[in-house]
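Working notes, structure below.
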2 protein chains.
Amino acid sequence: MEFHFLGTGAGVPSLIRNVSSLAVRFLQEKGTQWLFDCGEATQHQLMRSAISPSRIDRVFITHLHGDHIYGLPGFLGTRSFQGALTPLTIYGPSGIESFIKAALAVSGTSLRYELHIVEVHEELVIDTDFAQVSVLPLKHTIDSFAYRIQENNKPGVLQVEKLKALQIPPGPIYQRLKLGEMVTLEDGRVLNGENFIGPAQQGRVVVIAGDTQPIANMVEFCHEADLLIHEATFRTGNEDSAHEFGHSTIADAAELAKAAQVKQLILTHISSRYSAEEEELQSEAIQAFEQSWVARDLSVYHLDTIQP
Amino acid sequence: MEFHFLGTGAGVPSLIRNVSSLAVRFLQEKGTQWLFDCGEATQHQLMRSAISPSRIDRVFITHLHGDHIYGLPGFLGTRSFQGALTPLTIYGPSGIESFIKAALAVSGTSLRYELHIVEVHEELVIDTDFAQVSVLPLKHTIDSFAYRIQENNKPGVLQVEKLKALQIPPGPIYQRLKLGEMVTLEDGRVLNGENFIGPAQQGRVVVIAGDTQPIANMVEFCHEADLLIHEATFRTGNEDSAHEFGHSTIADAAELAKAAQVKQLILTHISSRYSAEEEELQSEAIQAFEQSWVARDLSVYHLDTIQP
Ligand SMILES: [Zn+2]
Ligand SMILES: [Zn+2]
């Protein structure tokens, strides 16, 4: 999985951090691309990235503040203008549909592709070909949600070397063994497929959270996630202001990461007041949680081998 | 008057031309700033210009296509976030108010300044301290308008040298003469103020047009304008396609400039299909109308001494 940070700022754009947007590319799933939040000028940032509007087939909105949604109408129109014909589904809090429809209607924009809009709530589980996405309400000044991507487990790999050692030549039998079936060979030997399949590959878990102050429910929701992407609008020590405005500090996000035993933490949604303190932010994050990074615009992170 | 071209592209942003927006700064009028159209990422372009959202007090929208309005909600929010408290008035076609209100409401954005929204129509005349703005309906795929800024004429300057030659010392008498009054001096001489005032300064005229195919009414509306800013979505020779989509070519705009005897012509709203043909566009424009320029993003033009 690749994470393309398109906008890592908070509230208003600055010259170094645009407002929120994150694209996820699933390399092992035909390059499927999803978008999380779509602040103004997300389509402009996409022009500078390897992600293409026409390849994105799902957009997840964490909450309806302008810095997370004002890029949606332009993104939708440009996706159509570029010739995309494949359907697009947008998930977001109640109100997202009326906003999108008002913007498209007033501008006389008709899309060439099917647009589905799903308003999310706590019980929603989104099943896709290769993963399940679930939703947790957060605590912000308006409804805000975290999304948890749970990849499906993958069956173990057929242990071909082991079969070759038993002088069993490749052929249709391999397919049946791979499915775990009992197979009788021409020479009378009976093989149990289960014995020739490696361990199942555990699906990875990634949580992408919207704006929020710390809440207890997130510890369970993020439990042992491979990656947590969380806001850190304020630096450590400003917890009072942060929580007053429904936000978190670097320390808040790090504490959650520890309590939930997540493997890696990426901090984003950084206030522009810190634009001269990039190095301090990074070292503050690492001190609070070793496997952490502060995202920058147009950085790409690879899950498994996370490096900025 | 300064013209800051923030976005000079058509329909969708490209890496060199953003979607439509133009700021006008009235240097002789306390630096008053107006905005014409506000495509997505206009606030981003403003960060790279000398124009400040908080100084802008009027926004004129030519038509409601997304590439001319999708930057409005973010611009309005950021103007408030930056602390602007002065009122803002937005002029635009019917529908502009419902779009703005829907975007602000869904995102829970409350502005700290007064926002006035005026829906424009053919008879509307906007009177400001120093200019009158009138409106002409154009011909596009949706309602589209041109705005004509007519600066007020300014009274002539008092000819101080002439008064000094007559041995009349500066004092309150100068004020009365400047108003054109008859003044009797202590020595009995009678002066007519009218004789000591230079010629009135003619207010300048600038027309800024929205997307349109050529229409006859524009010739009168632009008559002898000092500057016409007009779209040229297509290059000369593509008149059929241009008009089919409610647009103009370079030749169309040049013909209007000639017929209306305007002094200078700036072409904007250039299709991204021409991104490798910048020089050809410029020479095609000059051949069609000598005093013409093709605008580029972040260029600033000064009326009187127009140079890119
Ligand atoms: Zn935010
Ligand atoms: Zn346009």
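Including glycine, each Cβ sits where the backbone N, Cα and C put it.
Note: TrEMBL annotation is automatic and uncurated.
Summarising the annotation, TrEMBL assigns Zn(2+) 1 binding site to B:HIS63, B:HIS65, B:HIS140, B:ASP211. Annotated Zn(2+) 2 binding site per TrEMBL: B:ASP67, B:HIS68, B:ASP211, B:HIS269, in sequence order. Positions annotated as active site, proton acceptor by TrEMBL: B:ASP67. Summarising the annotation, TrEMBL assigns domain 'Metallo-beta-lactamase' to B:201-270.
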Ordered by sequence, the long-range same-chain Cβ contacts of B:HIS140 (Zn(2+) 1 binding site) under 8 Å (at least 6 apart) are B:HIS63, B:GLY210, B:ASP211, B:THR212, B:GLN213, B:GLY246, B:HIS247
Between the C-alpha atoms of B:HIS65 (Zn(2+) 1 binding site) and B:HIS269 (Zn(2+) 2 binding site), the distance in angstrom, to the nearest integer, is 13
Near Zn(2+) 2: residues not in B:ASP67, B:HIS68, B:ASP211, B:HIS269 with Cβ within 8 Å of the site Cβ centroid are B:ALA10, B:GLY11, B:VAL19, B:SER20, B:ASP37, B:GLY39, B:THR62, B:HIS63, B:HIS65, B:GLY210, B:GLU231
Those same-chain residues, other than B:HIS63, B:HIS65, B:HIS140, B:ASP211, found with Cβ within 8 Å of the centroid of the Zn(2+) 1-site Cβ atoms are B:THR62, B:LEU64, B:HIS68, B:LEU138, B:THR141, B:ILE142, B:ASP143, B:SER144, B:GLY210, B:THR212, B:GLY246
Those binding-site residues among B:HIS63, B:HIS140, B:ASP211 lining ligand 2, judged by a Cβ under 6 Å from any of its atoms, are B:ASP211
Close in space but at least six residues away in sequence, with Cβ under 8 Å from that of B:HIS269 (Zn(2+) 2 binding site), the same-chain residues are B:THR8, B:GLY9, B:ALA10, B:SER20, B:ASP211, B:GLU231, B:ALA232, B:THR233
DSSP output for B:HIS63 (Zn(2+) 1 binding site) maps to strand
Around the Cβ of B:ASP67 (Zn(2+) 2 binding site), other Cβ atoms found within 10 Å total 27
Around the Cβ of B:HIS63 (Zn(2+) 1 binding site), other Cβ atoms found within 10 Å total 26
Quick note, binding-site residues B:HIS63, B:HIS140, B:ASP211, B:HIS269 vs chain A, Cβ pairs under 8 Å, ordered by sequence, gives none
